């Protein structure tokens, strides 16, 4: 490995590290401002949330205030928060008193499991359709997938989920509408997420396949006598994969957004659901922790996309160094 | 006006129809969207209520019309608030270069570091159920797209001979901006804005469905679905109606943006 090929991987990694730092700073600052913007005396609210509405008296509030250091100047509290964030100490939930990191690791498992099922499922649904459509641009398959994709992308994710629950749980009774124990519980949330993502990836795959199929180098590969198999596999697929992989990054914004929506809809005990709940409960450390985790998932997955791009297309990496 | 492709014309038609429904609907319904007649709870569509009445006996027609108007207006205001500063800042960055461009690009990258919905959610958390944080969040997350496109296109246009000639001849920045740059940018930005309008309608209704957007009793398409969900067995059609309107609005915007061209 020469210097050049090392730089090819180092530069995107550095860029993503900067992004991760930005995520931490933005989420931290917003979370802190969120805490400061809460109406009323926070100590009373938290005492009531923690000990029940009847026990939320002045003594309990004073206890909470002292325990959480809520009486210090806001600048000190902010520096304190940033310092703890850098040590990955995310604090305790203001409602349950549990360490945020502990709750997060449990939720992270559920979120990653859901994403891990939904992403391959979306690839399975979207990519073959896109491939078929791209091989004959303007043909019936192309028109059908275009129509499906346009319709699907206009349906709000929550409505799609509700529709799937109505059909498969309520009318047909095949699948449970909620829960998270076995594989049957995975199907509807993962399908809701995957359909939305597939609507986009099918079009991306279709466009890149169409461009590659019409390109001169494909014709040349045939002229020089390569067997059709080698033409498609060696020259076709790899070139068609480049924009698909690059646009995966775009799709992954949709993944994180979709996770928040789908988890809330299906009461899936993942990070997105926890974030929405924490916002309702004004549980700021949990809001910060979950938002940070979702932001970092986004960065991490983007880093993988960068890496895949560099592997699929050496030209791009060379141009970047 | 140039002839629009059939797909785009259909999109325009959908938007105009929904706007008409939103603006004329309240007058057609002749009812207050908040007026409850509990005896008419879940009344089916008929002569009294053209689209039925919800669980609190409120006219669905009036509520749907108000909600449609709210969604479209809020989305339009949001898109305008993202597109106009975004475009102008993009042109400024391309024009001035140097630290102005560097700073703006940094700000854009900071916004892009987070998925848009996460940013909107965090800002909406400041005051769930109110317009202002929702609007600010959507505008803040949205301007970056216009900024990037405007900056890229403007730096291309500024290097073109006719623009350079105009600047050398002493035409002022106003002339160059209005006569030479904006006309070149508008078609692309229009597509972005139509698409952004669809995304805004989706985001507003989704956040309201989760409970972090606009709260009841204000009629909003997403929160209406949430409100009616417990009555899905008795009145499945009523749960469907608000979601169908969101679908039509987003479809209209996407078609107008030319998505159906492939």
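Glycine is treated like the rest: Cβ placed from N, Cα and C.
Matching A:86-105, A:186-205 against TrEMBL, the residues noted as transmembrane segment span A:186-205. Check TrEMBL against the ranges A:55-74, A:155-174 and you find transmembrane segment recorded for A:155-174.
Residues 111, 114-115, 118-119, 122, 127, 157-158, 161-162, 177-178, 188-189, 192-193, 196-197, 200-201, 204-205, 208, 272-273, 275-276, 294, 297-298, 301-302, 305-306, 308-309, 312 of the same chain, all 6+ positions outside the transmembrane segment (A:244-266), place their C-beta atoms under 8 angstroms from a C-beta of that stretch. Long-range contacts of the transmembrane segment (A:186-205) within the same chain, counting only residues at least 6 positions beyond its ends with a Cβ under 8 Å from a Cβ of the stretch, are 113-115, 117-119, 121-123, 125-127, 129-131, 133-134, 145-146, 148-149, 152-153, 157, 160-161, 164-165, 168-169, 175-177, 180, 240, 243-244, 247-248, 250-251, 254-255, 258-259, 262-263, 265-266, 268.
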